Amino acid sequence: MVKWRNNMNINELKKEFIKIYGEGSMRNFFSPGRVNLIGEHIDYNGGHVFPCALNFGTLGCVRKRKDNKVNLASTNIPLKVSINLEDIKYEKKHGWGNYPKGVIKEIIDKGYKVGGMDILISGNIPNGSGLSSSASLELLIAIMINNIFNDGKLDKVELIKLSQKAENDFVGLNCGIMDQFAVAMGKKDMAILLDCNTLEYKYAPVDLGNYVITIMNTNKRRELSDSKYNERRLECEKALKLINKEKKINYLCELSLEEFESLKYLIKDNRVLNRATHVVYENERVKRAYYLLSKRNLKEFGKLLAESHFSLRDLYEVTGKELDAIVGEALNVSGCIGARMIGAGFGGCAIALVEKSKLDLFKKKVSNNYNKIIGYKPGFYTSEIGEGTYEI
């Protein structure tokens, strides 16, 4: 489990690197975590999402080697992994190391240059929190390889796709493209309105005025592979097949609300209908959120966050008692104008939009009430909106 630290020091990491790998020059990189403001479980349904990069994430130091060996070490986890570039395969015992291995393999398979490296990473994104520790690590490695071996000339969107492919095909976890996109393409004080179908995107300035986005960690770990994530994807595919009897589309999110309402009679299974309803309406909420933030209408934006959570709870059924408790308690506190779960669900984190002057009281009340309901306390992190992966 990653130990939470509010600030990572690159100089400390450099010293650790020298202890492990010896004296010499090195290059240093940072890759953020991400939070999706709204638009949950629709990235794999061709929908719009609205993520931003955080100002905490994963630091990495790297040095080129003269051979084909890659050494991976972390300050967070004792496990060290060494691989040969000519023989990269998934090995369960390599744990976290499979994420960098997957990215390296995908880049090699594309015919791009990769050489031997000594790498040390240090992250402060809690594992299983839903803040994209895996995408942060994947893009850290991808941008390292781009800058060190390819003069920074590789297309960033291609690196995003290769990182997603590494997680899907090499590690074997289903994920949409949003996490990698937000981590790589984030800009300070901007959210990204991303069409996951076409990868068209535009930036929206996020001016929260007297409010702050607070991340609330239920402290219940979320395991993607153990969750019902894959089951939900299959249910959405069922809905899509049924809709396709009348209207040929590639993704549910291609439907407008009016089109969906006129075609939903094709879906007889109530559970499958609920999943599809969430997807289509959530996609509309994202577009409205973009508009509301551009007008700085924070109160209405906050209401959309709550609507999103209730839909994820009642229609998509991916919240669970911990997320429902923390969001419910947040919405009951004066000064909070919106809250919702983020990530895949079944644990992990939620976000709340809270008045800055009431933040300390908010955290105290939510923490105490959550503890009464669940039996242990949550964690709180406040982050600014930061830059995508970069070389320091």
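Glycine is treated like the rest: Cβ placed from N, Cα and C.
Summarising the annotation, Swiss-Prot assigns site 'Transition state stabilizer' to R34. What Swiss-Prot records for E40, H41, I42, D43, Y229 is substrate binding site, and it gives sequence analysis as the kind of evidence. For S74, G128, S129, G130, L131, S132, S133, S134, the entry in Swiss-Prot reads ATP binding site, with the evidence type sequence analysis. The annotation Mg(2+) binding site is assigned in Swiss-Prot to S134, E167 on the grounds of sequence analysis. For D179, the entry in Swiss-Prot reads active site, proton acceptor.
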List every residue in the same chain as H41 (substrate binding site), at least 6 positions away in sequence, whose Cβ is under 8 Å from its Cβ.
R232, H278, V279, E282, L312, Y316, V318, A344, G345
Cβ-centroid neighbourhood (8 Å) of the substrate site, E40, H41, I42, D43, Y229 excluded:
G39, Y44, N45, G47, G176, R232, A344
Listing them in sequence order, which of the recorded positions R34, E40, I42, G130, S132, S134 have their Cα within 10 Å of that of E167 (Mg(2+) binding site)?
S134
Spatial neighbours of L131 (ATP binding site) among the recorded positions R34, E40, I42, D43, D179, Y229 [C-alpha, 10 Å]:
R34, D179
Pairwise C-alpha maximum, in angstrom, for the residues (E40, H41, I42, D43, Y229) that bind substrate according to the record
12
What remains of the recorded positions R34, E40, I42, D43, Y229 once a 10 Å Cα-Cα cut-off to S133 (ATP binding site) is applied is R34
Whole-number Å distance between the CA of Y229 (substrate binding site) and the CA of D179 (active site, proton acceptor)?
15
Quick check: in three-state DSSP terms, what is I42 (substrate binding site)?
coil
Nearest recorded site to S134 (ATP binding site) by CA-CA distance, among recorded positions R34, E40, D43:
R34
Of S132, S133, S134, which of the binding-site residues has the most Cβ neighbours inside 10 Å?
S132
